[in-house]
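Written below as structure tokens is the structure these notes are about.
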Amino acid sequence: MARISQLLGFTSPSSAFEDRVRSEIAFAKKRLNKELVDITRDPPSHCSGGPLGKDILNWKGAIMGPSDLPFEGGVFFILEQFPAKYPCMPPIVKFETRIYHPNKDFFGNINVDILKLHKWSPSLTTPNLLLSICSFLTDPNLEDTFNPIANLYCNDRKKYNEIAKEWTRKYAMR
């Protein structure tokens, strides 16, 4: 029976699904290749990024710690995992380097608005994302976090800065 439907040009539901997924992945890869050209041609200030090996859907980025902050002198590595539905869905982004910051959880996942599905826009690019992460190092979003580090940041900035500097020395300087 399956052979007759194939001869008549019908596809099975699973085949149609597989075709759609392949198409989405191809579009995501095309978009990411363009973004790679853009980021190579005009790299954002204080950060960089690119694919891990030949896998264009998985990137590694580096962010230089901003001056005059506890992160100064540190290099913070992030991992970006792009879904098949990119750019319609946001990547999963997490710090690979340990960092003491209110907008990241215990596992390194980054909690910023633009990475949330309801706030994500397909017009955002990888360079935009890297710049946003640089920006939140300077100006954390304290309204949307349950991280206890945010409490320390708000109530005892001196202690927060001491711990953040120590973590930067310990984990982000080589």
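Cβ coordinates are placed from backbone N, Cα and C, and glycine is handled just like the others.
What TrEMBL records for this protein:
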type: DOMAIN; residues: 27-173; note: domain 'UBC core'
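Sorting the domain 'UBC core' (27-173) by DSSP state (H, G, I as helix; E, B as strand; all else coil) yields 55 helix, 30 strand, 62 coil. Over the domain 'UBC core' (27-173), the average per-residue pLDDT in this prediction is 93.
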